[in-house]
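The structure appears below as C-alpha coordinates.
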Amino acid sequence: MRLVCWNVNGLRTLRSYAPWDGLPTLEACLEALQADIACFQEVKMTHRQLTYAMCVMEAYDAYYDLHPTKGYAGTATYVRRAACMPRDAQVGVTGLGQDLDAEGRCVVLDCGLFVLFNVYAPNETDAERLPYKMAFYRALEERVSALIEEGREVLVVGDMNVVADALDHCEGAHLPPHAARAWFQQWLAPHGALHDVTRRFHPERKNMYTCWSTQLDARRSNYGSRIDYTLATQGLLRWIRYADIQPHVYGSDHCPIYVDFYDHLDGESLVDVVRPSTEAPRLAASHQHRHQPRLDLWTVKRAPETRASRRPRPRQTKLDGFVRRPLPSSPPPPPPPPLPAPDPHPQTSEWSALFTPRAPPLCTVHREPAISRRVTKPGVNHGRTFWIKP
(Lines of atoms letter the chains of each structure in order from A and count residues from 1; the text may use other names and numbers.)
(Lines give C-alpha, C1' and ligand atoms only; values in the text may rest on other atoms or scores of the structure.)
Protein backbone atom coordinates (compact mmCIF):
# COMPACT_ATOMS: atom_id res chain seq x y z
CA MET A 1 0.00 0.00 0.00
CA ARG A 2 1.28 3.46 -0.90
CA LEU A 3 0.35 6.72 0.81
CA VAL A 4 1.11 9.87 -1.19
CA CYS A 5 1.17 13.29 0.44
CA TRP A 6 1.25 16.46 -1.67
CA ASN A 7 0.65 20.18 -1.24
CA VAL A 8 -0.89 20.73 -4.68
CA ASN A 9 -1.10 24.54 -4.36
CA GLY A 10 -4.54 24.47 -5.93
CA LEU A 11 -6.14 21.52 -7.72
CA ARG A 12 -6.92 23.80 -10.65
CA THR A 13 -3.23 24.47 -11.31
CA LEU A 14 -2.61 20.79 -12.08
CA ARG A 15 -4.31 21.12 -15.45
CA SER A 16 -1.50 23.47 -16.55
CA TYR A 17 1.17 20.79 -16.06
CA ALA A 18 1.99 17.54 -17.81
CA PRO A 19 0.87 14.81 -17.42
CA TRP A 20 -2.11 16.12 -15.46
CA ASP A 21 -3.37 18.24 -18.38
CA GLY A 22 -3.94 15.05 -20.36
CA LEU A 23 -5.95 13.19 -17.72
CA PRO A 24 -9.76 13.37 -17.77
CA THR A 25 -10.62 13.07 -14.07
CA LEU A 26 -9.32 13.50 -10.56
CA GLU A 27 -9.49 9.73 -10.15
CA ALA A 28 -7.16 9.35 -13.12
CA CYS A 29 -4.70 11.66 -11.35
CA LEU A 30 -4.83 9.52 -8.22
CA GLU A 31 -4.15 6.42 -10.30
CA ALA A 32 -1.22 8.15 -12.02
CA LEU A 33 0.26 8.92 -8.60
CA GLN A 34 -0.10 5.20 -7.73
CA ALA A 35 -1.80 6.28 -4.53
CA ASP A 36 -3.84 3.95 -2.37
CA ILE A 37 -4.22 6.85 0.05
CA ALA A 38 -3.65 10.39 -1.22
CA CYS A 39 -3.42 13.32 1.19
CA PHE A 40 -3.61 16.70 -0.54
CA GLN A 41 -3.08 20.07 1.09
CA GLU A 42 -3.88 23.58 -0.11
CA VAL A 43 -6.50 22.40 -2.58
CA LYS A 44 -7.89 25.98 -2.67
CA MET A 45 -11.50 25.02 -3.35
CA THR A 46 -14.82 25.67 -1.63
CA HIS A 47 -17.63 23.19 -1.10
CA ARG A 48 -19.58 24.99 -3.81
CA GLN A 49 -16.86 24.14 -6.33
CA LEU A 50 -16.96 20.40 -5.60
CA THR A 51 -18.50 18.38 -8.40
CA TYR A 52 -20.14 14.98 -8.52
CA ALA A 53 -17.05 13.43 -10.10
CA MET A 54 -14.89 14.74 -7.25
CA CYS A 55 -17.16 13.15 -4.65
CA VAL A 56 -18.35 9.88 -6.20
CA MET A 57 -15.53 7.84 -7.74
CA GLU A 58 -15.23 4.31 -8.99
CA ALA A 59 -12.40 3.20 -6.70
CA TYR A 60 -11.88 5.95 -4.10
CA ASP A 61 -13.73 7.63 -1.25
CA ALA A 62 -13.06 11.34 -0.72
CA TYR A 63 -12.95 13.33 2.52
CA TYR A 64 -12.78 17.13 2.34
CA ASP A 65 -12.06 19.86 4.87
CA LEU A 66 -12.36 23.11 2.92
CA HIS A 67 -12.18 26.81 3.68
CA PRO A 68 -15.31 28.86 2.88
CA THR A 69 -13.17 31.38 0.98
CA LYS A 70 -12.31 30.62 -2.63
CA GLY A 71 -8.63 30.01 -3.34
CA TYR A 72 -7.44 29.45 0.23
CA ALA A 73 -6.17 26.44 2.22
CA GLY A 74 -8.21 23.22 2.19
CA THR A 75 -7.26 19.57 2.73
CA ALA A 76 -8.51 16.43 1.00
CA THR A 77 -7.89 12.74 1.63
CA TYR A 78 -8.68 10.07 -0.96
CA VAL A 79 -8.77 6.39 0.02
CA ARG A 80 -8.89 3.42 -2.34
CA ARG A 81 -11.67 1.19 -1.03
CA ALA A 82 -9.88 -2.04 -1.92
CA ALA A 83 -6.83 -0.98 0.12
CA CYS A 84 -8.33 0.71 3.19
CA MET A 85 -11.77 1.34 4.68
CA PRO A 86 -11.72 3.74 7.67
CA ARG A 87 -14.21 3.21 10.46
CA ASP A 88 -14.48 6.87 11.42
CA ALA A 89 -13.67 10.30 9.99
CA GLN A 90 -13.52 13.87 11.25
CA VAL A 91 -12.55 17.27 9.94
CA GLY A 92 -10.65 19.85 11.97
CA VAL A 93 -7.62 19.56 14.19
CA THR A 94 -9.73 19.70 17.37
CA GLY A 95 -12.79 17.89 16.03
CA LEU A 96 -14.94 20.27 18.08
CA GLY A 97 -15.77 22.97 15.55
CA GLN A 98 -13.45 25.50 17.18
CA ASP A 99 -11.87 28.51 15.49
CA LEU A 100 -8.84 26.32 14.81
CA ASP A 101 -11.08 24.10 12.66
CA ALA A 102 -12.48 26.91 10.50
CA GLU A 103 -9.73 27.12 7.87
CA GLY A 104 -9.92 23.65 6.32
CA ARG A 105 -6.59 22.38 7.63
CA CYS A 106 -7.08 18.80 8.84
CA VAL A 107 -8.80 15.55 7.89
CA VAL A 108 -8.63 12.70 10.42
CA LEU A 109 -9.34 9.06 9.54
CA ASP A 110 -9.37 6.05 11.85
CA CYS A 111 -7.86 3.33 9.67
CA GLY A 112 -7.75 0.63 12.33
CA LEU A 113 -4.00 -0.03 12.35
CA PHE A 114 -3.40 3.71 12.72
CA VAL A 115 -5.17 7.04 12.94
CA LEU A 116 -4.24 9.24 9.98
CA PHE A 117 -3.94 13.04 10.24
CA ASN A 118 -3.76 14.92 6.93
CA VAL A 119 -2.49 18.35 8.01
CA TYR A 120 -1.95 21.72 6.37
CA ALA A 121 -0.37 23.75 9.17
CA PRO A 122 -0.81 27.54 9.12
CA ASN A 123 1.85 29.67 7.47
CA GLU A 124 3.22 32.55 9.47
CA THR A 125 2.45 35.37 7.04
CA ASP A 126 2.96 38.02 9.72
CA ALA A 127 3.55 38.35 13.45
CA GLU A 128 -0.19 38.33 14.18
CA ARG A 129 -0.51 34.80 12.77
CA LEU A 130 2.13 33.28 15.05
CA PRO A 131 -0.27 32.75 18.01
CA TYR A 132 -2.75 30.98 15.70
CA LYS A 133 0.04 28.84 14.23
CA MET A 134 1.30 27.80 17.67
CA ALA A 135 -2.25 27.12 18.91
CA PHE A 136 -2.79 24.83 15.90
CA TYR A 137 0.41 22.92 16.71
CA ARG A 138 -0.55 22.52 20.36
CA ALA A 139 -4.04 21.29 19.45
CA LEU A 140 -2.52 18.74 17.05
CA GLU A 141 -0.13 17.58 19.75
CA GLU A 142 -3.02 17.21 22.20
CA ARG A 143 -5.00 15.03 19.79
CA VAL A 144 -2.03 12.81 19.00
CA SER A 145 -1.04 12.47 22.67
CA ALA A 146 -4.57 11.44 23.64
CA LEU A 147 -4.57 8.74 20.97
CA ILE A 148 -1.17 7.44 22.05
CA GLU A 149 -2.37 7.22 25.65
CA GLU A 150 -5.24 5.06 24.39
CA GLY A 151 -2.71 2.68 22.83
CA ARG A 152 -3.29 3.81 19.24
CA GLU A 153 -0.68 4.18 16.51
CA VAL A 154 -0.70 7.53 14.70
CA LEU A 155 0.48 8.73 11.29
CA VAL A 156 0.69 12.51 10.73
CA VAL A 157 1.34 13.63 7.16
CA GLY A 158 1.25 16.97 5.42
CA ASP A 159 2.69 20.43 5.04
CA MET A 160 3.89 21.38 8.52
CA ASN A 161 5.12 24.83 7.38
CA VAL A 162 8.27 24.48 9.47
CA VAL A 163 11.64 22.76 9.00
CA ALA A 164 12.81 20.29 11.61
CA ASP A 165 16.51 21.15 11.51
CA ALA A 166 19.27 22.75 9.48
CA LEU A 167 19.55 19.75 7.15
CA ASP A 168 16.05 20.51 5.85
CA HIS A 169 16.80 24.03 4.60
CA CYS A 170 19.07 25.41 1.89
CA GLU A 171 20.24 28.08 4.35
CA GLY A 172 20.22 25.78 7.35
CA ALA A 173 23.50 27.08 8.72
CA HIS A 174 21.93 30.52 9.16
CA LEU A 175 18.48 29.64 10.46
CA PRO A 176 17.53 31.83 13.44
CA PRO A 177 15.76 30.33 16.47
CA HIS A 178 12.00 30.11 16.07
CA ALA A 179 9.16 29.05 18.36
CA ALA A 180 7.61 26.78 15.72
CA ARG A 181 10.86 24.91 15.11
CA ALA A 182 11.49 24.56 18.85
CA TRP A 183 8.05 23.00 19.24
CA PHE A 184 8.55 20.71 16.24
CA GLN A 185 11.90 19.43 17.48
CA GLN A 186 10.53 18.51 20.91
CA TRP A 187 7.60 16.71 19.26
CA LEU A 188 9.88 14.50 17.16
CA ALA A 189 11.99 11.57 18.34
CA PRO A 190 14.21 11.23 20.27
CA HIS A 191 12.55 13.95 22.37
CA GLY A 192 8.96 13.16 21.39
CA ALA A 193 6.79 10.27 20.26
CA LEU A 194 6.77 10.81 16.48
CA HIS A 195 9.47 9.66 14.06
CA ASP A 196 10.40 11.49 10.86
CA VAL A 197 9.83 8.54 8.52
CA THR A 198 11.55 9.96 5.42
CA ARG A 199 14.62 11.00 7.39
CA ARG A 200 14.87 7.54 8.96
CA PHE A 201 15.43 6.07 5.49
CA HIS A 202 17.78 8.90 4.45
CA PRO A 203 19.48 10.05 7.68
CA GLU A 204 22.45 11.85 6.07
CA ARG A 205 20.91 12.88 2.77
CA LYS A 206 21.44 16.54 1.93
CA ASN A 207 19.38 18.76 -0.38
CA MET A 208 16.29 16.61 0.22
CA TYR A 209 13.84 19.45 -0.33
CA THR A 210 10.11 19.41 -1.07
CA CYS A 211 9.26 23.11 -1.52
CA TRP A 212 10.79 25.83 -3.69
CA SER A 213 10.07 29.48 -4.47
CA THR A 214 8.44 29.81 -7.88
CA GLN A 215 9.26 33.53 -7.99
CA LEU A 216 12.97 32.73 -7.84
CA ASP A 217 12.72 29.67 -10.10
CA ALA A 218 14.48 27.97 -7.20
CA ARG A 219 13.50 24.43 -8.13
CA ARG A 220 15.96 24.41 -11.02
CA SER A 221 18.89 24.86 -8.63
CA ASN A 222 17.18 22.92 -5.79
CA TYR A 223 17.32 25.97 -3.53
CA GLY A 224 14.50 24.99 -1.21
CA SER A 225 13.35 23.50 2.06
CA ARG A 226 11.68 20.37 3.41
CA ILE A 227 8.46 21.31 5.15
CA ASP A 228 6.39 18.27 4.06
CA TYR A 229 6.64 15.34 6.47
CA THR A 230 5.39 11.86 7.27
CA LEU A 231 5.52 11.27 11.02
CA ALA A 232 4.74 7.93 12.68
CA THR A 233 4.62 6.45 16.16
CA GLN A 234 7.12 3.75 17.09
CA GLY A 235 4.78 0.77 16.75
CA LEU A 236 3.85 1.68 13.18
CA LEU A 237 7.43 1.80 11.90
CA ARG A 238 7.68 -1.97 11.47
CA TRP A 239 4.94 -1.82 8.81
CA ILE A 240 6.72 0.85 6.76
CA ARG A 241 8.83 -0.55 3.94
CA TYR A 242 10.20 2.68 2.45
CA ALA A 243 9.67 6.44 2.25
CA ASP A 244 11.01 9.15 -0.07
CA ILE A 245 10.27 12.38 -1.93
CA GLN A 246 9.38 12.80 -5.63
CA PRO A 247 11.10 15.99 -6.84
CA HIS A 248 10.64 14.93 -10.48
CA VAL A 249 6.85 15.30 -10.21
CA TYR A 250 5.70 18.80 -11.20
CA GLY A 251 2.39 20.58 -10.77
CA SER A 252 3.00 22.68 -7.66
CA ASP A 253 5.66 24.60 -5.76
CA HIS A 254 5.86 21.44 -3.63
CA CYS A 255 6.65 17.89 -4.73
CA PRO A 256 4.87 14.76 -3.50
CA ILE A 257 6.27 12.57 -0.75
CA TYR A 258 5.24 8.97 -0.14
CA VAL A 259 5.31 6.04 2.27
CA ASP A 260 5.17 2.39 1.18
CA PHE A 261 3.80 -0.23 3.57
CA TYR A 262 4.46 -3.96 3.67
CA ASP A 263 1.50 -5.95 2.36
CA HIS A 264 2.26 -8.78 4.79
CA LEU A 265 4.21 -8.81 8.04
CA ASP A 266 4.74 -11.64 10.53
CA GLY A 267 1.88 -13.64 9.06
CA GLU A 268 -0.50 -10.69 9.20
CA SER A 269 -2.02 -9.07 6.12
CA LEU A 270 -2.04 -5.27 5.94
CA VAL A 271 -5.44 -5.15 4.28
CA ASP A 272 -6.92 -7.03 7.24
CA VAL A 273 -5.77 -4.37 9.72
CA VAL A 274 -6.54 -1.24 7.69
CA ARG A 275 -10.09 -2.25 6.77
CA PRO A 276 -11.82 -2.17 10.18
CA SER A 277 -15.16 -1.38 8.50
CA THR A 278 -17.13 -2.59 5.50
CA GLU A 279 -18.61 0.82 4.69
CA ALA A 280 -17.08 4.28 4.46
CA PRO A 281 -17.86 6.75 7.28
CA ARG A 282 -20.74 9.14 6.72
CA LEU A 283 -18.34 12.03 6.25
CA ALA A 284 -17.23 10.46 2.96
CA ALA A 285 -18.24 12.69 0.07
CA SER A 286 -19.84 9.75 -1.74
CA HIS A 287 -22.42 9.40 1.05
CA GLN A 288 -23.13 13.11 1.05
CA HIS A 289 -23.87 13.17 -2.65
CA ARG A 290 -25.80 9.92 -2.94
CA HIS A 291 -28.20 10.67 -0.10
CA GLN A 292 -28.80 14.33 -0.87
CA PRO A 293 -29.96 15.88 -4.15
CA ARG A 294 -27.55 18.73 -3.45
CA LEU A 295 -24.31 18.97 -1.49
CA ASP A 296 -25.70 21.92 0.44
CA LEU A 297 -24.66 20.88 3.93
CA TRP A 298 -21.18 19.67 4.83
CA THR A 299 -21.26 19.40 8.57
CA VAL A 300 -19.28 16.80 10.46
CA LYS A 301 -21.36 13.66 10.95
CA ARG A 302 -20.19 10.90 13.24
CA ALA A 303 -20.09 7.39 11.83
CA PRO A 304 -22.00 4.67 13.70
CA GLU A 305 -19.99 2.47 16.02
CA THR A 306 -18.25 -0.32 14.09
CA ARG A 307 -16.11 -2.98 15.70
CA ALA A 308 -12.54 -3.22 14.38
CA SER A 309 -11.49 -6.49 12.78
CA ARG A 310 -8.05 -6.44 14.34
CA ARG A 311 -8.39 -6.54 18.13
CA PRO A 312 -11.02 -4.94 20.36
CA ARG A 313 -10.30 -1.68 22.13
CA PRO A 314 -11.49 -1.76 25.72
CA ARG A 315 -12.02 1.99 25.84
CA GLN A 316 -12.37 4.66 23.14
CA THR A 317 -13.32 3.65 19.60
CA LYS A 318 -14.55 7.02 18.32
CA LEU A 319 -12.30 9.83 17.18
CA ASP A 320 -14.27 12.44 19.12
CA GLY A 321 -13.34 10.63 22.31
CA PHE A 322 -9.66 11.38 21.88
CA VAL A 323 -9.82 15.09 22.69
CA ARG A 324 -7.97 15.42 25.98
CA ARG A 325 -9.61 18.68 26.98
CA PRO A 326 -11.96 20.96 25.05
CA LEU A 327 -10.70 24.30 23.83
CA PRO A 328 -12.73 27.50 24.42
CA SER A 329 -15.97 27.28 22.50
CA SER A 330 -16.65 29.37 19.45
CA PRO A 331 -19.45 29.33 16.88
CA PRO A 332 -18.78 27.08 13.87
CA PRO A 333 -18.44 28.68 10.45
CA PRO A 334 -21.71 29.03 8.48
CA PRO A 335 -22.58 26.16 6.12
CA PRO A 336 -21.43 26.63 2.53
CA PRO A 337 -23.95 27.46 -0.21
CA PRO A 338 -25.52 24.58 -2.16
CA LEU A 339 -23.90 22.97 -5.15
CA PRO A 340 -25.70 22.71 -8.46
CA ALA A 341 -27.50 19.42 -9.12
CA PRO A 342 -25.28 16.72 -10.66
CA ASP A 343 -25.09 16.26 -14.39
CA PRO A 344 -26.34 12.85 -15.64
CA HIS A 345 -22.91 12.26 -17.15
CA PRO A 346 -20.53 13.58 -14.47
CA GLN A 347 -17.38 11.86 -15.70
CA THR A 348 -17.52 13.72 -18.99
CA SER A 349 -18.86 17.10 -17.94
CA GLU A 350 -18.67 18.01 -14.25
CA TRP A 351 -14.95 17.46 -13.89
CA SER A 352 -14.31 19.34 -17.14
CA ALA A 353 -14.09 22.61 -15.27
CA LEU A 354 -10.71 21.43 -14.01
CA PHE A 355 -9.31 19.11 -16.66
CA THR A 356 -10.95 19.92 -19.99
CA PRO A 357 -8.41 21.80 -22.18
CA ARG A 358 -9.14 25.49 -22.44
CA ALA A 359 -10.32 26.97 -25.72
CA PRO A 360 -7.42 28.73 -27.44
CA PRO A 361 -7.50 32.54 -27.22
CA LEU A 362 -7.89 34.56 -30.41
CA CYS A 363 -5.11 36.67 -31.89
CA THR A 364 -5.94 40.31 -31.19
CA VAL A 365 -4.97 41.30 -34.76
CA HIS A 366 -6.15 38.49 -37.05
CA ARG A 367 -8.78 36.96 -34.69
CA GLU A 368 -7.36 33.49 -35.34
CA PRO A 369 -6.99 30.79 -32.64
CA ALA A 370 -3.58 30.75 -30.93
CA ILE A 371 -1.34 27.66 -31.01
CA SER A 372 -0.55 25.71 -27.83
CA ARG A 373 3.07 24.89 -26.97
CA ARG A 374 4.69 23.22 -23.96
CA VAL A 375 7.82 24.26 -22.03
CA THR A 376 10.57 21.65 -22.48
CA LYS A 377 13.38 23.59 -20.84
CA PRO A 378 14.22 22.26 -17.34
CA GLY A 379 13.04 24.48 -14.53
CA VAL A 380 10.00 25.47 -12.54
CA ASN A 381 7.88 25.91 -15.70
CA HIS A 382 8.84 22.55 -17.22
CA GLY A 383 5.75 20.86 -18.66
CA ARG A 384 3.56 23.97 -18.58
CA THR A 385 1.60 25.04 -21.64
CA PHE A 386 1.54 28.49 -23.24
CA TRP A 387 0.05 30.17 -26.32
CA ILE A 388 1.72 31.71 -29.36
CA LYS A 389 0.32 33.59 -32.33
CA PRO A 390 -0.49 31.44 -35.41
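Any Cβ shown, glycine's included, is placed from N, Cα and C.
TrEMBL lists Asn7, Asp159, Asn161, Asp253, His254 as Mg(2+)-binding residues, and of the candidates Glu42, Glu128, Glu204 the one it assigns to that same site is Glu42. For Asp159 (active site, proton donor/acceptor), the same-chain residues 6+ apart in sequence whose C-beta sits under 8 angstroms from its C-beta are Asn7, Gln41, Glu42, Val119, Tyr120, Ala121, Cys211, Ile227, Asp228, His254.
For the domain 'Endonuclease/exonuclease/phosphatase' (6-254), the model's pLDDT averages out at 95.
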